[in-house]
Amino acid sequence: MKTSALFVIFGLVLLFCNSFAAELKTTGRGCGGLMAGCGGKSTFCCSGYNCSPTWKWCVYARPGRR
């Protein structure tokens with residue numbers, strides 16, 4: 001009984017991941033969200049995020065931060 005419940009949960013997780021990946025592929029998202037890698041040349045951060053020069057990933061844009 002426990003094994004079949006785990007298989008059902010695992011199947012639902014796989015279905016969710018597959019649909020999420022298909023959605024990302026169709027939208028063609030060209031900007032990065034929180035902690036997405038950014039370089040400033042080919043990859044950019046979405047609105048509300050800035051590319052951290054130290055870590056090279058997108059961080060929250062704060063007032064007063066350059």
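Each Cβ is built from the backbone N, Cα and C atoms, and glycine gets one as well.
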Candidates Cys31, Cys38; Swiss-Prot says the disulfide mate of Cys51 is Cys38
Do you know which of Cys17, Cys58 Swiss-Prot records in a disulfide with Cys45? Cys58
Disulphide pairing with Cys46 per Swiss-Prot - partner from Cys17, Cys31: Cys31
Cβ-based isolation winner (fewest other Cβ atoms within 10 Å) among the disulfide-bonded residues Cys45, Cys51, Cys58: Cys51
When you rank Cys31, Cys46, Cys58 by Cα distance to Cys38 (disulfide bond), which of the disulfide-bonded residues ends up on top as the closest? Cys58
